[in-house]
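S.K.: The annotation domain 'DUF6449' is assigned in TrEMBL to 458-556. The annotation transmembrane segment is assigned in TrEMBL to 20-39, 69-92, 112-134, 146-173, 179-199, 243-264, 285-304, 310-332, 344-362.
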Amino acid sequence: MTSKSLYFNLLKEDIKRRIWTLSLSMLVFFVGLPIHVLLRLNRIKKILETVGIEKARLGYASFANNDGIGILLAITAAGAIICGISGFSYLYSKSKVDLYHSIPVKREKLFVITYINGVIIYVVPYLINILIYFMIGASKQYLSGVAIRGAMFAFAVNLIGYLFIYSVTIVAVMMTGNLIVGILGTAVFMVYAPILLLVKSVLYQTFFTTYSAAGETNNYLAYVSPVFAYNQLVNYMGKSGFATKMIGLILGFIIASVLGALLYKFRPSEAAGKSMAFKITQAPIKILIVLPTALVGGLLLMTISETSSFVWMLFGVIFISFLSHGMIEIIYNSDFKCIIENKIQLVLCMMLSVVIVGSAKLDLAHYNTYIPKEDKIESISIDLEYFEKDINYYDKTLDLTNNYNNYIDSTVYKLKNMKLTDIKNTYQFIQYAIANNVDTKKLQHYSFQTYTSFTVKYNLKNNKTAYRRYTVNITDAMDYFNQLYDDDTYKECVYQILSLDKSLVNVIQYYNVSNGIDEAIKLSVDEKQELLNLLCEDIRSLTATEVAKSVPVTELILRLGENNVKQSYYIYPEFTKTIEFMKSLGISLDSSIDTKNIASIIVTDYNYEIEEAENSEDYDSMFKTYKFTEKKEIEEIANALESGRLIYNNINIPSNLNACIIYNDGSEDNEFSSINIEELPESIRQEMGY
């Protein structure tokens, strides 16, 4: 039984051995908190002078809470790795191992002593510098309850992240026998899972035309990496799902610390100085490293080869398998002669690599044609990128009044919130997409106005999800797109204004096409409500055909909440109710161009086909320029010009045509740079080859 005095003495002696890490921790936290705050106090002073003490206090609170946690995240991750390796580095020395294990204390107690000191080295300097941060704030009257609560909450989150990374680092130390291999092992544990997912993603993108990277955002394999898991925990602070991730990290650090203690207990003393402490782990670890390394090598060789031949892929995985296997054997045995040791394992690695790339090439799992059975699907989510690519989305889980990170990726938002339950019609659309899917790698640049890609998320009844991405011809699939637009569930997700709390809208602007600027609309409360209601009515009647072929007359910009989160909606000619109401407010939506002072219009045809031709060396042939100076032609072309800001979704306006208006005084105007081919007279279209 270990006496309390002996236990305390061992703690004290271990701290003495690690005094350099304690000093480093104190220094880094001092720079990361008090010094960092002092360097930026002038910013808080300016906030105080412009918007008042409350905003200044919120700004001061951001230095140590989740808004300013980036620098603390880096300190925490690096500190955990340094403390984990340095604390148990004596295991790499035979003489030190003999000394420690000669102490009449159980190994478990020695482990706990070293483990606890590693936590103390992080916690004590952190808390001391938080206290200094509080004192600085109090002296300037910037300290508030928000700052104290935020700093302590961030401390708790960082501590959990530290414990997870620290415990996993210790596991890496226990499994290795010298410092170099220990550092390499730690690096592998930190980044292996994200790298594996990255390799998988690149492999799938290379061979599967329906692969969607959207499904990887929720891949739980990535959370095996403590650094990634910790970073995600920080990103989810204040959001839904934070508690789940916090519990996951707590369980992770408990499992890792228990595993570390068990490995320490059974670690042979003679492992010091060797590459690996446990021989039984050598083969599995080697195979797990060789396989993704070989796949990366094969993908790289195939990519840089001029023909992108699959033969280079096969050569790459075999050759890199040999090299990486040999390098690991050299590390294991500390002998260059061992480069071809364990030939059976080498052949196994080569065969597995070839099987993986071969099955992907042949699509033996039928990945591209996969679709769940109709009766297994609970709901479907779809992101039609082409039709709604200019809509901003805000995260409804966040408070718009005090959070500056309100925007959310459009694909993430739609796939998360859309639940289409009209499975029959949606299923038919997806079956069509599978049968008519196009490989985007084979499409030329100029084809992307003709084709559109969209992402599908299958929400299955067994709580699993599957993601696919399809590319189809817009015109050919228009009936299916219109079918989607007839679904109220789809519309309400895609156009957030339909489900938005209208009281959040504090400012409405419109795009003045003639002047090229956004202008605020002066509205009473009732007028604002009426305008928003009419906009919603028109959106509910909107069809996919109108989105693809109509040219908006203007754009409404909504400013939401205290931070003016922006949402924009095109106003199409078919939005008769909205347009009439705007006109009744005295708003002019006239976008006609006054041609009296125009000297000429220059149209440039940027030929994408020539640009992308492999043997094209004539740069000048990529452009064709047409100059129109006749008054009649100028008027006809001006009538077909559209604002470039309003035509991103239009399939009738070619992206390779650009117009420049030259005025009599020599000035130029590129605001109306897009040309609606349908509005041009036949003679001009023929002249330009359209």
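Yeah, the Cβs are placed from backbone N, Cα and C, and that goes for glycine too.
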S.K.: Please indicate, using numbers and ranges, the residues of the same chain that are 6 or more beyond the transmembrane segment (112-134) and have a C-beta under 8 Å from a C-beta there.
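M.R.: Residues 7, 10-11, 14-15, 18, 21-22, 25-26, 28-30, 32-34, 37, 63-64, 76, 79-80, 83-84, 87-88, 143, 147-148, 151-152, 155, 158-159, 162-163, 166, 170, 257, 260-261.
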S.K.: Can you check how the pLDDT averages out over the domain 'DUF6449' (458-556)?
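M.R.: Here the mean pLDDT over the domain 'DUF6449' (458-556) amounts to 92.
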S.K.: Between 69-92, 146-173, 179-199, 243-264, who has the most Cβ pairs under 8 Å to the transmembrane segment (285-304)?
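M.R.: Stretch with the highest Cβ contact count: 179-199.
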S.K.: Under an 8 Å Cβ to Cβ limit, what residues of the same chain, 6 or more beyond the ends of the transmembrane segment (243-264), are close to it?
M.R.: 88, 107-108, 110-112, 115, 157, 160-161, 163-164, 166-168, 170-171, 174-175, 223, 226, 229-230, 232-233, 236, 277-278
